[in-house]
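Feature annotations, courtesy of Swiss-Prot:
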type     : residues                                       : note
BINDING  : A223, I224, K225, V226, F227, G228, K229, S230 : ATP binding site
TOPO_DOM : 1-9                                            : topological domain 'Extracellular'
TOPO_DOM : 31-41                                          : topological domain 'Cytoplasmic'
TOPO_DOM : 63-80                                          : topological domain 'Extracellular'
TOPO_DOM : 125-137                                        : topological domain 'Extracellular'
TOPO_DOM : 159-231                                        : topological domain 'Cytoplasmic'
TOPO_DOM : 253-274                                        : topological domain 'Extracellular'
TOPO_DOM : 296-317                                        : topological domain 'Cytoplasmic'
TOPO_DOM : 339-376                                        : topological domain 'Extracellular'
TRANSMEM : 10-30                                          : transmembrane segment
TRANSMEM : 42-62                                          : transmembrane segment
TRANSMEM : 81-101                                         : transmembrane segment
TRANSMEM : 104-124                                        : transmembrane segment
TRANSMEM : 138-158                                        : transmembrane segment
TRANSMEM : 232-252                                        : transmembrane segment
TRANSMEM : 275-295                                        : transmembrane segment
TRANSMEM : 318-338                                        : transmembrane segment
Amino acid sequence: HLVESKGGAIACMFLALFFLGTWPALLTMLERRGRLPQHTYLDYSITNFFAALLIAFTFGEIGKGKPDEPNFLAQLAQDNWPSVLFAMGGGVVLSLGNLSSQYAFAFVGLSVTEVITASITVVIGTTLNYFLDDKINKAEILFPGVGCFLIAVFLGFCRFNSSNASDNKAKLSNYTSDYKEVAISSKESDLVKSKDLERGSSSADNVEAGTAVFLLELEERRAIKVFGKSTLIGLALTFSAGLCFSMFSPAFNLATNDQWHTLPNGIPHLTVYTAFFYFSISCFVIAIILNITFLYHPVLNLPKSSLKAYLADSDGRIWALLAGLLCGFGNSLQFMGGQAAGYQQQSLCRHFLCKHFWGVLLFGEYRRSSRKTYIC
């Protein structure tokens, strides 16, 4: 069953906005509560792939297949490997982008990371899809808007980054050393109380967000330690993620529409469900390989882990599994909408506002910051 109406496409995209805007908040929550990102991402990857299988075997098999739109299982046996490779390439870059952004969240925050990655995705992804979709929209309207969007966000980020760093430095410098010792000495009891990640909370949960006490408690508890590290690390990760995100939609576009005519004569284009299946396979494989590697060879001074430790780490697993489902269903919905309305619209329909909302509401980003930071 394919979405063909504009109304159905819009509904898919709006639902995708919520799903894709929510799952990063769950990963951020777990990292801030001390769960290793490798463990979280492995759980997330499993249900993300499960969502793709569920979509393929349900929506991909509904209705009677047509010669130019075969059902999912029928299409698996066809000679469509050029399109399959495009779909799998899209899955690889999406997996790399998601992995980079997971670490960037710790350095520059959920809201800032998503604004920057979304702006890069809009500019590059929309430009590529504009040419792939045979220039169906007016370039003189499309490109000045997305270009100005990127410039404004980049300049705003640079100003915010400098101002926010100054805010945090001022908060910590005004925090007396005696008070630090008292706060840190009480941390062990706080950690015991927060062992249950679904219900537990430490003192950092009860301290007002944005204060020096909050920053110190959060740093002590979180998995990725950021004190003493440059925010340029987060900036580099953010831009890497944005470049990866900007490529997966054009790759998926090529997989489903074959604009470069790589398929043999008589072979139908991949349906969105078949393409998403192959897309998710490569996304899953890359995620598993990299995160198992990171268990034994961690990055950013994270502690070493193992498969045995991962399997035993059930704290917060339900949230990581939920994040994978939200991402998997969200991606399928945005691709279904993009197939009907055009992948330019799908690239423009970004979900950073939802993520920005969660960053401010759940994690207190920008709380008790200076007027300069709020203006940025």
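All positions are counted from 1 along the displayed chain.
Note that Cβ sites are derived from N, Cα and C of the backbone, with glycine treated the same way.
The Cβ neighbour count for K225 (ATP binding site), using a 10 Å radius and every protein chain shown, is 13.
The listed stretches are 42-62, 275-295, 318-338; of these, 318-338 has the most Cβ pairs under 8 Å to the transmembrane segment (10-30). For the transmembrane segment (42-62), the neighbouring stretch richest in Cβ pairs under 8 Å, chosen from 81-101, 104-124, 232-252, 275-295, is 275-295.
Distant neighbours of the topological domain 'Cytoplasmic' (296-317): 30, 33, 35-40, 42-43, 103, 195-198, 223-225, 229, 233; these residues of the same chain sit at least 6 beyond its ends, with a Cβ under 8 Å from one of its Cβ atoms. For the binding-site residues I224, V226, counting C-beta atoms within 10 A of each C-beta gives the highest total at I224. Look at F227 (ATP binding site): DSSP puts it in coil. If one looks beyond the topological domain 'Extracellular' (63-80) by at least 6 residues along the same chain, the residues whose Cβ comes under 8 Å of a Cβ in the stretch are 1-2, 56-57, 263-264, 267-271, 273-274, 277. Residues of the same chain lying 6 or more positions beyond the ends of the topological domain 'Cytoplasmic' (31-41) and with a Cβ under 8 Å from any Cβ of it are 98-99, 102-103, 105-106, 191, 194, 197, 218, 221-224, 287, 291, 294-295, 298, 302-303, 305, 309-310, 313, 315-316, 320, 323, 363. Within the chain carrying the topological domain 'Extracellular' (253-274), a Cβ under 8 angstroms from the stretch's Cβ atoms is held by residues 2, 55-56, 59-60, 67-70, 72, 75-76, 78-80, 82-84, 86-87, 90, 128-129, 132-134, 332, 335-336, 338-339, 343, all 6 or more beyond its ends. Taken residue by residue, the topological domain 'Cytoplasmic' (31-41) breaks down under DSSP into 7 helix, 0 strand, 4 coil.
Packing around A223 (ATP binding site) is summarised by its Cβ count: 19 other Cβ atoms lie within 10 angstroms of its Cβ, all protein chains included. Packing around S230 (ATP binding site) is summarised by its Cβ count: 11 other Cβ atoms lie within 10 angstroms of its Cβ, all protein chains included.
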